[in-house]
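Reviewing the structure listed below.
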Amino acid sequence: MSVSELYSQCTRVWIPDPDEVWCSAELTKDYKEGDKTLRLKLEDETIQEYPIDVQSNQLPFLRNPDILVGENDLTALSYLHEPAVLHNLKVRFLESNHIYTYCGIVLVAINPYEQLPIYGQDVIYAYSGQNMGDMDPHIFAVAEEAYKQMARDEKNQSIIVSGESGAGKTVSAKYAMRYFATVGGSASETNIEEKVLASSPIMEAIGNAKTTRNDNSSRFGKYIQIGFDKRYHIIGANMRTYLLEKSRVVFQADDERNYHIFYQLCAAANLPEFKELALTSAEDFFYTSQGGDTSIEGVDDAEDFEKTRQAFTLLGVRESHQISIFKIIASILHLGSVEIQAERDGDSCSISPQDEHLNHFCRLLGVEHSQMEHWLCHRKLVTTSETYIKTMSLQQVLNARNALAKHIYAQLFSWIVEHINKALHTSLKQHSFIGVLDIYGFETFEVNSFEQFCINYANEKLQQQFNWHVFKLEQEEYMKEQIPWTLIDFHDNQPCIDLIEAKLGILDLLDEECKVPKGTDQNWAQKLYDRHSSSQHFQKPRMSNTAFIVVHFADKVEYLSDGFLEKNRDTVYEEQINILKASKFPLVADLFHDDKDPVPAATTPGKGSSSKINIRSARPPMKASNKEHKKTVGHQFRTSLHLLMETLNATTPHYVRCIKPNDEKLPFHFDPKRAVQQLRACGVLETIRISAAGYPSRWAYHDFFNRYRVLIKKKELANSDKKAICKSVLEKLIKDPDKFQFGRTKIFFRAGQVAYLEKLRADKFRAATIMIQKTVRGWLQRVKYHRLKRATLTLQRYWRGYLARRLAEHLRRTRAATTIQKQYRMWRARQAYRRVRGAAMVIQAFTRGMFVRKMYRQVLTEHKATVIQKHVRGWLARRRFQQLRAAAIVIQCAFRRLKARQELKALRIEARSAEHLKRLNVGMENKVVQLQRKIDDQSKEFKTLSEQFSTATSAYTMEVERLQKELARHQQSQGGDPGPRLQEEVETLRSELQRARSEREALEDAHGRERDELRKRVADLEQENALLKDEKEQLNNQILCRSKEEFAQDSVKENLMMKKELEEERSRYQNLVKEYSRLEQRFDNLRDELTIIKQTPGHRRNPSNQSSLESDSNYPSVSTSEIGDAEDALQQVEEIGLEKAAMDMTVFLKLQKRVRELEQERKKLQVQLEKREQQDSKKVQVEQPQNDVDSDPDADLAYNSLKRQELESENKKLKNDLNELRKAVADQATQNNSSHGSPDSYSLLLDQLKLANEELEVRKEEVLILRTQIVSADQRRGRSTEPNINARTSWPNSEKHVDQEDAIEAYHGVCQTNSKTEDWGYLNEDGELGLAYQGLKQVARLLEAQLQAQSREHEEEVETLKAQLEALKEEMDKQQQTFCQTLLLSPEAQVEFGVQQEISRLTNENLDLKELVEKLEKNERKLKKQLKIYMKKVQDLEAAQALAQSDRKRHELTRQVTVQRKEKDFQGMLEYHKEDEALLIRNLVTELRPQALAGTVPCLPAYILYMCIRHADYANDDVKVHSLLTSTINGIKKVLKKHNDDFEMTSFWLSNTCRLLHCLKQYSGDEGFMTQNTAKQNEHCLKNFDLTEYRQVLSDLSIQIYQQLIKIAEGVLQPMIVSAMLENESIQGLSGVKPTGYRKRSSSMVDGENSYCLEAIIRQMNSFHTVLCDQGLDPEIIMQVFKQLFYMINAVTLNNLLLRKDVCSWSTGMQLRYNISQLEEWLRGRNLHQSGAVQTMEPLIQAAQLLQLKKKTQEDAEAICSLCTSLSTQQIVKILNLYTPLNEFEERVTVAFIRTIQAQLQERNDPQQLLLDSKHMFPVLFPFNPSSLTMDSIHIPACLNLEFLNEV
C-alpha cells in the first residue's frame, strides 16, 4: 500500500499544536510524492498549508478510524504513536469517565480527583476469577492477574506503581492491597489482612504530607510483600521503605505542610491523656507553620488521628508505646520552637534556662536539661593531645538543631516500620508473595537537589527493568506463535545508569568528596565537569559552575549541587546523641543505641535510608563498628535499590503508571501538556514504540474470519478450514508479505494494516450500500408508479358511480314526493274525523258520570245509618251485662268473707292446743338451757359492770369535790370578783363569734356566686363544645369526602412500606442465621482441630463418656441462653488449658462480652431493687396510719378461709355419716329379709337420712356463698390501684351492696334464726314477739349495711364525676387551643391538621384495643393449657378408677375365664428403645441415600421421625423427645456438611426438614394449623408437649439448608452465565457485526471447553427442577429457588455488561433479548411464571433495550428515562459510555446526550452502588403446607433397616 493511497483526500492526520500538543486536521486534496506542502482543513474549518521536510520526507501522523477511538488497550490501535495514545486517553477520560486504560502490560491510571463508586466489594467479586482482558481495565484486574499467575505458575509477583506526586500512586497501591486482603483472606482468625490494611493509615500519618501538587503526597518509597501460604491465603506481610524526605521535618515551602502526624497530634492536644505534651495549635510551632495554611480542605486531622491510634492498637502497639511515640513527636515540635539568642561577638549563642519549649523537650524525652542546653550551643573538638569545647554561631546552632530533629524523626520512623513488620510477621512458612511497590515517579522542578537525583536514579533502574521485561514478553509471544524473530531496537538507558552508579560515577565522586575534611559542593561539581564532560548523558550548564545536567530517559534535568554533600553525610553531633542515649525512657534510649543490627540496607531493608547516620566527630574512630556510620545516604540508597531490583527481577512484574491530568486538582480536567510529559517519563510511549516496531495488531483466526468475512469471496467460503481461508484472503489483500505474519493461533499485523483492512471493509460495505440504495430506489419508483395507476383507475370508477347514484337519487326523490302528498292528504281527513268523534265521546262520558255519582251518594247515606244503629244496640247490651256482673261479685265477696272468718277462728283454737306446741318444741330443751346459761352469764357480767360503774362514779364525785375546793381556794387567792372579767371575755368571744359568722356568710355568698358563675360557664362551654363537635363532624365529613382516594393511596403505600420492612427484617434474620451457621461451622472445625490436638501424644484426651451429640447440640428443650454459651466457653477453657485457650480469641471475646453483659444486668437489677425498696418504704410510711384505723384484710381472709375449711370438714363428716347410714340401711335390709324384723326401725332410719340430706344441702349452700364472697374480695383486691399487701381491702360491691362484716353477721343471723325459730315459742304464747324482734334486728343490720354501701358508692360516683369533669375541662381547653391554632392555618393545613388529629386518636384507640386483645389471647392460651392439664388429670383418674374397678371385678370372679387379645389398629406411632436411637439416626439420616427411597412416599424420613416423636409424646417422655429431635438436627447438619456440594442430597434434606416442620405444626393442636385436618388426622396430634421452640429451630435449619442449596446451584450456574448470555451466538450472523479491536479476549466467541450456550443453562435448570420436584419440595419453595437463581443470572450478566466495553453494542442487546425470551418461555413451561423470577430480570431486560434504542435527540433521552426505571442513573450512564458502534457508519453516543440523560435523572434517589450484589439472597418463606396423608397409612420399606421400630 503506497503512501499516496494513505494520504488521500478526506484522510485525517495529526499535526503539532503549541496549546493542545496535537490537533486533528483533514486533507482537502490527495498527496503526491514530491509535494512540499499538504493542504489541511482544521477542526475549526480553517485552511492551513502544512510544510513537509523534503529531506526526511516526514509526513504527519495518521489518525485512527473513529471505531477504534476509545479502545481500552492502546496497543490495539492500528496507528501507534504519541497523538493517537494521547487522544485515546483523553476521549476515555473526559467522554466516558474511564480512568483506567491498558497499554500492553501497563495499566495507565489517570487521577480523577473525585471519589468514584468503582472500588466496592461487589466490584472486587466481579473481577475475581476473570482474565485480565475480559473486563474493562481496572486496578483490580491487574491485582487479579498477579494473584492468578502466582497460583498458576507458583512464582512470586510484583506490582510496580509509579507516577508523579499527586498522580494517585498511594491510592492505587492501597486498592491493590485491599483486593488481596479481600480475595486472599487469612486462613486463621488472626485477621492479618486487616492488619495489612491498617498499616496504611499509620504510614500515611508519618510519611505523607501536603505538597503543592498533592494533599496526601508520599514522601518516601515503600515495597510491601504480602505473603501467602500453599492455599494462597494471606499469612503475613513485610514492608521496606526508601529515602524518607527528612528535610520536610524542619522546612516546608509555601502552601505545603509537614508530615500529617504533627497536625493530627496538635488537633488532639485537648484530650486529657495528651495534656502532658503541652501542645497547642499547629500555628504556634515553627516546624508546622512555615508553609502558611496548616489545614487541608475536607480533612479532619482529629478524626484521622483517631484512625491512626486505632491502627496502632490493631497492630499490637501497646498504649504505653503509643504515648511514648507521641511524646517523641511532640518533643520535635518543641525543639523547633526553642529560641536561640546570638551573642554580641557573633561566634557564640545561648538558650534561656527558662525557655519553656526546651523544658518540655527535655521532660518529654527524659534527658538532662542543662546538658542539652549546653551541647545545643557548643561542640567538642578532639585532637591527639587534648580536647576543645568550641562555641557555635547562630547558623551552626540552627543547623545542628535541625539535624537533631531530622535524626530523631528518622529513627522513630524506622522504629515504627520495624514494629509494623513485627506485627505483620508470621511464624508460618511462606509459600509465595506478591509485592506492591509504591515509589516516586520521575521528578523535575525548577530547583532540583539531592532528593530528586536519588528519585530519578531509582526511576532509571526501574525503566531499564521495564524495558527488558516488555522486550522479553514480546520475544516470548513471537516464539510461542512461531513467528520469525527479528531484533527490535529499543532505547537502553544503561549508559545513564553507569554515569550515576559506576566506578568514579556521580555517586562515587560524591562519597569521595564527603571523605575530604574540607570538601565543598563546588569542588565536587568541578570534579564532575572534569570526569564526565565527554559523556553523552552529562552536560554542563552554560551560565552556572555549581549545577550539572543529566540526560535521563524521560527528560533533561538540571541539578543544583548546593547541599549535596551535607545531605549525603546526614551529620548529627555525637554529644547530642549521647544525651539521648542516656534518656530515662527506654524507648528513647533504644532508638539511639548502637546495639541494633548494624548491617547495611541490603539485609535490613526496612531501615532504608535512615538507619545508618554518620556522626561527625574530631576524635579518631576507636571501634571497627564505627565504620558503619561512615556509609553515606547515597551508598545506602544504592544498596537498597540493588536489593529491590534483585527482588523485582526474581518476580513477575505488573506495571501501573499513574498520570496526573492537571496541576490544579480539578476533577475530570485534562491538560494535554502535562499528560504528554508524564507519558514520556513513565515509559508508556516506550511501550508503544516497542510494540509498533514489531507486530502490534494481533487477531485470532476466528475473530479475523468473523470480522472480515465480507472481503472473502463465496467460493472461498466453501473451505471449512478458517485458517486457510484467512491466509488466502490476506495474501490477496496485502501484497507486501512483511506486513503480516501467520502464527499458530493468531495473525500478526504491522502498524496500520488493520486500519487498511478496515478501509477495505468500509469500501466493501459502501459499495454494497450503494447497490442496495440503487435497487431500493428503483423499487420505490416502481411502487410509486403502480400506486398512481391504481389511484387513477379508482378515481374513474368512483366518479362514474357517483353520476349513476345521482340519477337514481333524482328518480327516488320524485317518487317519494308523490307518496308524501298522498299520505298528507289522508292524514288531514283522518284528523278531522277524529276531532268530531272525540267530542261526542266526551259529552257521553260526563253525562254517565253525573248519574252514577247520584246513585253512589244514596247508597252511602243508607250504609251510615245502618252502622249507627249497630253501635247503639251494642252499647245498650253491654251496659246491662256489666250491672248484672257487679251485683254477683258483691254477693260472692260477702259469702267468702263469712267463710274465711269461720276458718280463722278454727285455726286459732287449733294453735292453742298442746299437740301443736309439741310439734313446734321438739328438740328445743337443750337450746333453752343454753339460752338460760347465756342469760346468767350476761347477768353476772352486768353485775360486774355495775360495780365498776359505781366505783368510777364515786371516784368521779370525789374528784369533782376536790376540784371545787381548789377552785374556791384559787378564787380567794385572787382576792377579786371574777364575774366582770368573765363577762368581758364572754362578750369578746361573742363578738368574735359574730364576726366569724358574718365572714362565713360572706364566704358562702361568694362561694354561691362563684358556683353559679362556674355553672353558667360550664353550660356555655358545653354549648360551645357542642358547636365545636358539630363543626368537627362537618370538617371530618368534608375531609372524608375529599381525601378518600388519598387515604386509599396512603394505605397502599403504607402496606408496601410494611411489606418492604418485613422483607428487610426477614432478610436480616436469615443473614443472622447464615452467619450463625458459619460460626457453627467454624466452631466444628475448631473442635475437630482441638480433638486432633488432644489425641496427639502428651496431650489430655476427652472423656470417653462424652457424647458427640451433646457437643453438637445447640437446641435445648426450652431455650438457649447466653449463660450456657459462656459456661461452655469456660469449660472449654478449663479443658484446653490457659495457654491454648489464649490462642482462641473468639472464646475469650465471648466470655468477656458475656461478663460485661452480666455485670450490666446485675447493676440494672440492683438499681431496680433499690427503687422498689424505696417505694415500699414510702408506701409503708404513708399507709401505717391507715392500717391502725382500718381493719386488717388479712384477718378477714383468714376468717373466711377458716370458715370455709370448717364447713368443708363438716361436709366431709356428713358425707361419712351418710355413707355409714347407707351401709346400716343396707345391712338392716338384709337382716329384715332374713329375720322379717319390724319396719318401724327402717322408717326411722329413712327419716334420719332425709334430715341429714337436708342439713347437707344447707351446708353446701353456705360453702358456695362463702366461696363467692372470697373470690369477689380477691378480685376487688386485684382491681385496686395500690396492689400492696398492707393496703386496706374494701368489701366488693355486690348487687346488694353489703359490707363484708355486716353480710357475714347477717348471714349467720339468718341461719341462727332458721335454727332457733322454735326457741322463741317459749317467750310468749304464739312466738310472734320474738320472731318480730329477731326479724327487725336482721332487717336493721341489712338496711344499715346497704345505707353505708350506698353512701360509699355515692361518694365514689361523685369523685368519678368530678374527675370526668376535670378531664372534660382539660380536653375542652385543648380543643379550644387546637381550634384557635386551626383557625390561624390555611384551609389545606386545617384539613391536614384535622386528619392528623383523627389519625392519632384512632391510632391510640387501636393500640388500646390491640393491648386488650393480646391480654385476652394470652389469658385464653393460659386457660387452654390449664384445661389440657386438667383434662389429662381427669382422664388419668378415670382410667385409674376403671382399672381399679376391673381389678375388683376380677377378684370377685369365682371361675377362670380365658381372655383373647383383640387385634388393634395401627395408630400412627412408632416405638423404639432408647438404646436404638443412634441406630435410628444412622439408618434414617446419616447413611441414607435419596436413591434408596425412589418410588416411595416423598419426605418419608420426616413422617417416620414424626411418628417416633408422637410416641414419645404419648409416653410423656420429654427426655426422649429432646434427645430424638437434637440427634436428628445434628445428624442432618453432619450430612449436609459432608455433602456440601451435592445438590440432590441438599434438596432431599430441605424437603424432609420442611415436611417435619409442617408435621409439627399440623399436629401441634393449635387451631390455626388444624383447619384442613381430617378427623383422623386430629387424632394424631401431640397431647403433652408444646414444641414451638423446636419448630423455630427447624425453621432456622431449613433456612441454612436453603442457603446451602442456593450456593450449590449458583456454583454450578455461574461459570455458564457470561458465556451463554453474552458471548454465545444464539442468533446466527450477529457475531460478524461485533466491534473490533478486542484482541485479548480469552473466551469471546471461542469454541473452547469454557464456552457454554443457553441450552446448557436450560438443561441445568431442568435438572434442578426435576430433582426438586422428585424430592417432594413445596412448590412455593421451588418458586423461590428459581427466583433466586434468575436474580443471580441477572446480576452476573448485568455486572459483566457494565464492566465490558466489547459487549455493549446493538448486537449484544438483540442477543440478550432473545436469551431472556427463551428463559421466560422455560418459566412458563414449568409453571413458574408466578414466582417473580421475570421481575428479577427486569434490569437486564431494560439494559438490552437501552442498547437497541436510538440515542440522539431529546425525545430519545426522555424515552430512555421513562423506560429504564429499574436501572440506576450510574448504570444507564455507564452503559451509554461503554456503548460501542458496530461499524464506522454508526455514530457514537455523544457527551451532550449523556449529560442530558444525567440532567433528567438527577432527581432520582438512586444508590451509589454501580454493580448489582450478585451475593444478595432474598429472604425465604416457608408457607404452611399440611399433608393429606394420615400417619397410619404410611408404610416403612424394608430397605431402611428399621425392623427395631414397633408399630403402636
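Residue numbers in this text run from 1 along the chain shown.
Cβ from N, Cα, C; glycine included.
Among the ranges 641-663, 848-870, 1469-1491, the stretch that TrEMBL annotates as region 'Actin-binding' is 641-663. Around SER165 (ATP binding site), a 10 Å sphere centred on its CB holds 20 further CB atoms from the protein chains shown. Those same-chain residues not listed among GLY163, GLU164, SER165, GLY166, ALA167, GLY168, LYS169, THR170 yet with C-beta within 8 angstroms of the centroid of the ATP site C-beta atoms are ASN111, ASN214, SER217, SER218, GLY441, CYS658, LYS660. Mapped onto DSSP helix, strand and coil, the domain 'Myosin N-terminal SH3-like' (8-60) counts 0 helix, 24 strand, 29 coil. All chains included, 25 other C-beta atoms sit within 10 angstroms of the C-beta of GLY168 (ATP binding site). Neighbours of GLY166 (ATP binding site), defined as other CB atoms within 10 A of its CB across all chains, total 22. In sequence order, GLU204, ASN208, ASN216, SER218, ASP438 constitute the residues six or more apart from THR170 (ATP binding site) in its chain with CB-CB distances below 8 Å. Within its own chain, GLY163 (ATP binding site) has ALA109, LYS169, GLY441, ARG657, CYS658, ILE659, LYS660, GLN678, CYS682 as residues 6 or more apart in sequence whose C-beta sits under 8 angstroms from its own. Summarising model confidence by region, the coiled coil (1333-1440) averages a pLDDT of 74.
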